Amino acid sequence: MSYHIPTSLTPTNVIVGGATIIVLLFLDRRRTSRGGQPHPPGPRPLPIIGNMFDMPQSKFSLAWSKFGEQYGPLTYLTIPSQNVLVVNSLEAAKELLDNRALIYVDRSSCTMANELLGKRSASLTSIRFLCSHWVLVVGLSNYLVLSPANDFWRKQRSHLKHALSGAAVRSDYSSLLETKARQYLERCVALTILLYGYRLLVIKVHHQPIVQYLPKWLPGMKFKRDAARWEKEIRELEDTVLTLVKANSVRELRSRLLRAHIHARTGMNMVFKNRLMKRNYSTIAGSRSSSASPATETTMQSFIYAMILCPSVQKKAQDEIDRVIGSTRSPTFEDQPDLPFLHAVILETLRWNPAVSFGVPHVSRKDDVYEGYFIPKGTTVIPNAWGFSRNSKYYTNPSIFDPERHLKESPELDPREFVFGFGRRLCPGKELAFQEVWILAASILWAFEIVSWRLCASALRAELILDVVSHPTPFECQFVPRRERLKDKLEVATN
Ligand code: HEM
């Protein structure tokens, strides 16, 4: 068989060739900016596909940090229909995301999270793709964290601002958290061995727009089937929350937010007048159990892992607890000011393995210039929290778990400066999260010694997964009761 390769200058060849040149020139122009200002440095993009092959597929934060070593504080990449800016300097992150918060306030809309799970909001008309191989926390589509900065988002943020403020957490949640921590200990005494495992809705998505139109039954479309199943689960969760809210009298509701708004809008016999209102209440209530808890859970896993790796730190924290609290009662928030070393352990846990290891990317709403570099509207900005935590500019021996760094006369950088995000998108649950982790950690250390399972090195084989939500790989450990009566309870429970 022979092929005829057209060499003549036919009108079709001229049109196709011309169009290709225009597209390539256009893509090249996108890299070289407005008014001659260059984009920030970054790996050289290929025509059409840009930096698709430079995008990491796992251990994202590590890859972002490597970009930092090569290109400095800012690394700029392009992938089809998306510009990405990786930020490896805390100063730059603060300038862009805090000081220019109004520009960098948006989120990227995602096919998996927003379209496949059924949200077709007018504000999400343009379906852009974060990158070709990306990991999404699915199930948050109707939740604040992935919402673009629209009215829905603004309303919910303003609710949460009051409901989760430091004062609200102290007055409304302290005793609830103390009770929950005690219940946790009771559950633990019934299980000498803690085998941890958790369910996290994370999926690797190959982002090609066309996939959303392909049928679910095709090979490779499993994630679409999963998305449909998860959507059902999320709706069930929302409905459960609503049923609970409706079933409780307003007086019994612990949440200041729900109390205030149910009173203000509907009175005791509240009626959810429309779907949006229903969604608002259930989203706020549901955010506690879906979007938020993975990060808190992950932080607790990192804490337990660190305690196994650093028995001397664990012992020092326990000595402090024993000195201040003794053995007759479990910790309460009133003990907090007297436990500075424990406070430092929690700070170090947040720093050592930032749960949301490269934040949640912000998206810019208009063109911007930073230190002479042009950052176009629609750029996805990734603050590399894990990179900040490992930067020797901010921390001495950054890979070592060392709470003492927070107790020096001039303490090292407080990780709360970056682990909870930035600007208008700053985590509204940061105060609640800190207190929840504190009371759980205090209670566990008061009640148990945490050791590696059968004292073998299995825990040491674990490693930190630097994905969207960073956690140690599963490991086994033992909670050995430190209190006599606890042991008795344990025996009774086991029998
Ligand atoms: C240790 C635990 C936690 C960590 C490390 C954490 C971290 C974060 C981070 C990095 C963001 C993105 C911020 C940004 O875009 O700049 C975020 C957003 C968010 N967090 Fe947390 N979080 C934690 C716990 C919680 C808790 C307990 C709640 C609720 C009770 C919560 C509710 C939210 C919400 C609703 C958002 C979305 C905010 C928005 O997009 O406007 N988080 N969190």
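Cβ atoms here come from the backbone N, Cα and C positions, even for glycine.
On a predicted model such as this, the values are computed, not experimentally measured, just so you know.
Check TrEMBL against the ranges 136-163, 220-247, 248-275, 304-331 and you find coiled coil recorded for 220-247.
Taking TrEMBL as the reference, the stretch among 6-27, 336-357, 424-445 described by the feature transmembrane segment is residues 6-27. Note on the coiled coil (220-247): its mean pLDDT in the predicted model is 56. Long-range C-beta contacts of C427 (heme binding site), restricted to its own chain and to partners at least six residues apart, with a cutoff below 8 Å, comprise F420, G421, A433.
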